[in-house]
């Protein structure tokens with residue numbers, strides 16, 4: 001299945017909540033250099049939501065993306081399986097998908113049909129994608 005665009009209001013309430021957590025997380029972004037604020041939220045299979053923002057550093061290398069912040073928070077609390085992720089960035093004119101590193105990290109802990117909901121700050125429209133659509137030739141040792 002390919003990506004599809006939908007209205008926020010047409011999504012299930014639990015997915016709307018996940019997106020709202022990503023929107024909240026984006027407000028905490030520490031991005032003084034790029035001004036590219038991103039928020040992400042990931043839901044464990046037990047229903048717990050972990051969220052995070054991107055955190056930049058003046059040395060640039062230590063910078064971490066919102067998606068990895070969120071999933072690493074969950075992993076550090078003992079959650080290794082997830083069933084949905086939401087990402088929101090600062091651009092209103094286009095969707096911003098996870099970077100390659102985040103795609104690989106998400107791939108490690110998700111099935112290929114794992115849904116990723118990508119939205120803009122207004123979150124009126126949502127791009128519904130999946131790990132497979134974002135990383136079709138995925139690498140996993142367990143595969």
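Any Cβ shown, glycine's included, is placed from N, Cα and C.
These numbers come from a predicted model, not from an experiment.
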Per TrEMBL, 99, 102 bind Zn(2+); matching candidate in 53, 65: 65
Among 65, 99, 102, the one of these binding-site residues whose Cβ has the fewest neighbouring Cβ atoms within 10 Å: 99
Distance from residue 67 (active site, proton donor) back to residue 99 (Zn(2+) binding site), taken between C-alpha atoms, in Å: 9
Remaining residues near the recorded Zn(2+) site, that is with C-beta within 8 Å of the centroid of the site residues 65, 99, 102: 66, 67, 68, 98, 100, 101, 103, 105
